[in-house]
Amino acid sequence: MITRWLLITSFLALAILSLSSAAKKSEPEITPSSFDNEPFSLFYFEDTETILMNTRDGNLFRSFDGGKGWEQVDDPNGKMKKGVRSIWQHPFDKNRAYALGANRRHWVTKDQAKTWESFEVDGYAATQHEPLIFHGWDSSKVIFQSDECMGRFCIVKSYYSTDDFKTVSPLRVSAGGCAWAVGHPQFAEGLNLEDELRDRVLCIVPGLKVPSAHANRLVYSDDFFRSDAEGTELNIQQGRPVSGILSAAAVKKFFVTAAKSQGTNELALYVTLDTKAWHRADFGGHRVEQDGYTLLESTNYSMQVDVLTSPSSNTGILFTSNSNGTYFTRNVEHTNRDRFGHVDFEKIADIQGIVLVNTVKNWDKVGSENEKKVVSSISFDDGRTFQSLKVGDKQLHLHSVTTFANTGRVFSSPAPGLVMGVGNTGDHLKKYSEGSLYVSDDAGVTWRHALDGPFKYEFGDQGSVIMAVSDKGTTDEIQFSIDHGKEWHSTKLQHKIYPKLLTTTPDSTSLTFLLVGSEESSGTKHVVYSIDFRGLHERKCEKDDFEKWAARLNENGEPDCLMGHQQFFNRRKANADCFVDEEFKDPQPIFEPCKCSFEDFECDFNFVRSEDGKSCVPAAPLVPPVGRCQKQTDTFMGPSGWRLIPGNTCTREGGENLDKDVERPCKDVVSAPSHDKLMAQKQVFNDARQFSEQYYYLERQASSSGDDETVIMLTSEGEFWVSHDHGKNWEQPLKGVKIAAIVPHPYYSDGAFLLTRDKQAFWTVDRAYTFKSFEAPIPPNQEGLPVLSFHPQYKDWLIWTGAVDCAHGDCHSDAYFSKNRGENWDLLLRYVGKCEFESRENRPGSEKLIFCQQYENENKKNHLQLLSSENLFSDSHVHFNDAIRYATMSEYIIVASRDPDNPDSLVASVSVDGRTFARAEFPPNVDVPVKTAFTVLDSSTHAVFLHVTVSDVKGAEHGSIIKSNSNGTSYVLSLNAASRNEWGYVDFEKMQGLEGVAVVNIISNVEAVLKKGPTAKKLKTMITHNDGGQWMLLPPPAKDADGKNFGCSVKGGKGSGQCSLHLHGYTERRDPRDTFSSGSAIGLMMGIGNVGAHLSGKDEADTFMTRDGGITWKSVKKGRYMWEYGDSGSVIVIVPELRPTKVLYYSLDEGDNWEPYEFSEVEMHIYRLSTVPSDTSKNFLLWGKEVESNRLATINVDFSGLRKKSCNLVENGQESDDYYLWEPKHPFQEDNCLFGHVEQYHRKKPSSQCWNNWREPHVHSIGRNCTCTRADYECNYNYEPQNDGSCALVPGLPKPDALAVCREDPDRVEYWEPTAYRRIPQTTCAGGLILDHVVSKPCPSKEKEYEKKHGISGTGLFFAIMIPIVAAAGVGYYVYAKWDGKFGQIRLGENAGTYEGLLSRESPIVTVPIAVIAGIVAVIRALPLLAMSLWRSASGYVRLGRNRAYSRPYASRGSFAARRGDYTSVVDDEDELLGVDDAEIDEDDEL
């Protein structure tokens, strides 16, 4: 019995052992699945083994068992098969995912792919923006974004759903997409703003008038733009809106937006915690440039940002913010980046404070011949200090984000403390293919070699299993370790594959891995392996199998503190023969508190770190307790400047208490006193004989940091001077070097080039703080051509046009190209005229487009041809064989060429796309058989004003001003007898900042001056308030500056033939910068002239000004004065012109009162009065010469001390204590309607004792639209204005061919019988008086369509009529303004049947008329072309001398570059169209 029992017992024991042995496997279970198409994207649903996979053919597959079995997903109607373009996982809801279709049908699952529901959106999923934007609090709220494109142009249309796409509603059309304010669950956490932020949406929308990136605005709505289609603009900086918004993104508890102004690459980053209070991020004086920053993985209490410092070497600086994202501290320099902005930076998962970073060791030597030497380092204290990675005593370097070969995190996973990477030991990082696999199980403190060669790797079962697969070509085996990478085992695969992806569940708690690869044999078969390690251990880990592991250790090997606590994990011991086997249960950290220390505190709001980083100093004056600080020597108890970092859990007892109040000196609270007087500072130039005309302001743009006001200038002796404080102090950085010319960078206001008379030249890109020299290939040209041409987008791209063979009788010019600011040069063309880059925003693919004039067959006796090329003239296209001159302005290229039918006459041809040109046709009632000269004046109101010379007889030069329709193809007469000078320049000037206001001088005695004899011109000044539709004389003021009556008077506020105000215009100015108006001082104009029957001589002139855009005028001073505006018009300075003085006058109330100020102890002749081009400074600079000593001097006059505070602007309200709403108006209209709408501007009240302190372009809004009146129309083609204001057909001319539109557009259904009128291009009026469309008729053979069309509803009829009209007109820029005003803003939800689509104001058709090629006349302010030019071209004669030829000094601010001088710089030779085309941002002046 006992024996039998022993036998049975032994048998059972053997059986149990056998079963145990069978259960414990040595290899994982591998299950392959084959697919005909490559897996495109896949992801796990969190806390499940459910996988969703999209293949490249558009099919969708799912697996519920970790990839062992797959099934194709389809909907009942079969639409999902081959219909899924991309899949998206909801980042905040583990149950939801989205499958976006290739068409307009999409799908959503709310149960982890078990079931799917379809939904439709009227648009394709966006490709340039995120197609889905998720709400951080409510997973049922999603924004869907689509790209609607025409050709290469796309706009972003956003839709929203609040119920998981059961319903979808249009949100709005935008320029940069929309986002939920709550973009992350942590946003506004604990702020009790749930009701306020629940539905808030932020969108990047275009400027009110300008569809360019630098005008984009950030607006929000709390009701999906239902109640207000425009939305509310966010006050981002100092309580005011910011333009130039490029991007906006949620980063955990932060919301960040970036803005960039025109004329700079510097970005301003703004951060908010609630979308209400915004702060500009301060990087300690470091610039953040466009495409030069990367938001990195951030913590709950700070942001990490890497800022590009060297584009050539792709290196940066890593910054870490304080808890509110306002102040950033520099952590690591020379971080390694790639050209896409990826940075070698990663935090170790789930462990606070450990960061791996790669830096460039030889950052200062990286170039074309020197490769980067990348080294790796690690921080255990949140980036405060870094140390090397070590394998024993050797340094280890690992490949990081920029060379990552898998998906997910690079080094770590939620497996506590386990870190892996591919790299090498030695001096620096080698190629990825030369690397090996290394592992650390103490969070990077120590490392060991794991496997030879590069591998893809993953962690499973909280680190109990590590799997790797070779990443060096093909393989048929995998490697795995179950002891933290100390020992490795291999297992064969069924196929030999190219591994593409190795992954597992996101929390790394599963024992199943997924390997995706392509078979080596076929290359078209794709395999997905499910690799299950469950059988390798037979038991589950118990308590004794775990250890308490400290996540961070200090330099002494002790647990370290961060954010007030130490962090520990219970993790499986490396040698434990068990699996944790707790799927989807993340390792939980254990926190133990620490005593508060220095590291637990940060600078409080309005405090910044001191230079040594050991204290916090006030960033703004402190407010002392009431009754304290009566004297500066007093003290008071105030804030220390420190605060405990929010979220920090340190124990205060026994620790540091840095945030307790401290005794502070009262000097910390006393701001710079308002001394109630001006400050003048004179600088004398003893060795200089004269100032040259070359002086330039390198003005900071709105997004630029810093506060210097830099001026650079030349003396007549070629001495170069720089001032960084607006002329208070000057220095000579290139003393001893004779500079011949200063060439400011027209697209980059921080840069300038200095040229000598030989090949030596200099550049600065940091606002003249430093200069670097370069050698040009040849000396500057001697033909009056621009020496340098600049690329609008790439600031380092240059074209140099220099002189060749001038000492040997064949003097000509050659053009060279440089991509690196003159370091290297390549020959473009020989025997050239002007060469320019023609890249523009509205010309996609034009980055390399260059235009050049070249003498045919490289012989100067031949004609100048106009060529273009997109490959540096490896090949080229000839556009014109006899191009006299060409110029570019805004989106247009205009060419003056010889008329083939009349060689003595000029013709103009225009292109928008830079590839196809068409001739511009002039109106028949301007009968000039031989067009010897014409001048293109302006196009800022989306129509071209052109002056056609009628007479070029010396002393009788004049012509007719004609105005184009919106696409430049049809011109009508606007005004006759406009005066010009012998050089072709016209007394015509647009008022900056206001639509449609222009001033011109006409000759009242044309017939007399045309007769032989000494009769002089009698000029009268006229003004238009509706863009040339109507002109009137300037109304004279009632009294002069002394309160006396003038010799004549008028009634009713109108000027008369015998009594009106006349102003000296552009052609009489000593300095072309002295324009009447300013782009920032809205409504203000100043000028010198007289009241009477006509304009008298300058010696009889007085000084006048207007505050209402030219409606009324007042005399401010007897005599001639120069003027300048400051602080956007809140201060005006005038100084006598060319007579000895030591006194200037200033007004702080828009000219109501004038105060004298003695700026010099001795009398001076003042030649020039200047300030920054935007007129936003409170500093002014006088340039002159002392009368007695004859010494040159500059005097800075500083007004900043006169007032203490900044004005308070309530942008979204109506008015405030400091501002009122001002509406421009027409003098003979009662409703303030101009161009079909009422514009409103915030203007400072003259009585307000404050400063504007704002550098942004002037903010304005469209208050309302108006019904149409006669003022919204102008005379049609072949019609001319009559004395009673009506339009009549020119005698002998036919009516316009109405049927032409039908012939040109075969799909057109109807046409309109021509009338005498057409709409002014920029009007936005709706309804009311209809003068241009009275009778419609069907196009031939379109009778049925016509009948069908006119049977539709009123709204549909409106669209059916207007859309063809808009298309026929060429879809120019005016449509942008027209449709914007008519509908206010896109109301996508109002009527799905009349959805504006591509005809909305943001539409590329409307804003970018790239398809319009024919007949658009150039947007050039001054383009004089004289008959002499033809003769010179034929004879080969070129005049080299210069008279008043100089570059325009105000080449600094993008949005204000055109406000000073409606003519760009020109050389004195009249055969030059434009000398410096720096005003090509003309259309962008006003946002």
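If you go along the chain as it appears here, the first residue is 1 and each next one adds 1.
A Cβ is built for glycine as well, from the same backbone N, Cα and C atoms used for every other residue.
Since the structure is predicted, the reported quantities are computational estimates derived from the model, not experimental observations.
Per Swiss-Prot, the feature signal peptide maps to 1-22; the stated evidence is sequence analysis.
The repeat 'BNR 1' annotation in Swiss-Prot covers 61-71. Among residues of the same chain six or more beyond the repeat 'BNR 1' (61-71), those with a C-beta under 8 A of the stretch's C-beta atoms are 31, 33, 35, 48-55, 113, 510, 512, 514, 528-530, 532.
The N-linked glycosylation site feature in Swiss-Prot is assigned to Asn300 (among others). The number of other Cβ atoms within 10 Å of the Cβ belonging to Asn300 (N-linked glycosylation site), over all protein chains shown, comes to 13.
Taking a C-beta cut-off of under 8 Å and a sequence gap of six or more, Asn324 (N-linked glycosylation site) has these contacts in its own chain: Val271, Leu273, His279, Phe605. If you look up Swiss-Prot, you'll see Asn324 (among others) marked as N-linked glycosylation site, on the strength of sequence analysis.
Here the repeat 'BNR 2' (378-387) has Cβ contacts under 8 Å with residues 299, 304, 318, 320, 331-332, 352-357, 443-445, 552-554, 560, 562, 599 of the same chain, all six or more residues outside its ends. Taken from Swiss-Prot, the feature repeat 'BNR 2' applies to 378-387.
What Swiss-Prot lists as repeat 'BNR 4' is 479-489. Beyond its flanks by at least six residues, the repeat 'BNR 4' (479-489) meets 26-28, 418, 420, 439, 441, 448, 450-451, 455, 463-470, 533, 536-537, 574-575 of its own chain at Cβ-Cβ distances under 8 Å.
What Swiss-Prot lists as N-linked glycosylation site is Asn967 (among others).
When the repeat 'BNR 7' (1104-1114) is classified with DSSP, helix, strand and coil residues number 0 helix, 4 strand, 7 coil. The repeat 'BNR 7' annotation in Swiss-Prot covers 1104-1114.
Around Asn1265 (N-linked glycosylation site), a 10 Å sphere centred on its CB holds 21 further CB atoms from the protein chains shown. Among the features that Swiss-Prot reports, N-linked glycosylation site is placed at Asn1265 (among others).
As annotated by Swiss-Prot, topological domain 'Cytoplasmic' applies to 1378-1404.
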(message) Per DSSP, what is the helix/strand/coil residue tally across the repeat 'BNR 2' (378-387)?
(response) 0 helix, 3 strand, 7 coil
(request) May I ask for the distance between Asn1265 (N-linked glycosylation site) and Asn300 (N-linked glycosylation site), taken between their Cα atoms and rounded to an integer number of Å? (result) 47
(request) Helix, strand, coil: count each for the residues of the repeat 'BNR 4' (479-489), based on DSSP. (result) 0 helix, 4 strand, 7 coil
(request) Would you mind splitting the repeat 'BNR 1' (61-71) into helix, strand and coil residue counts from DSSP? (result) 0 helix, 4 strand, 7 coil
(message) DSSP secondary structure for Asn1265 (N-linked glycosylation site), reduced to helix/strand/coil, please.
(response) strand
(request) Could you tell me the mean pLDDT over the topological domain 'Cytoplasmic' (1378-1404), as a whole number? (result) 26
(request) Name the secondary structure element type, per DSSP in three states, that contains Asn324 (N-linked glycosylation site). (result) coil
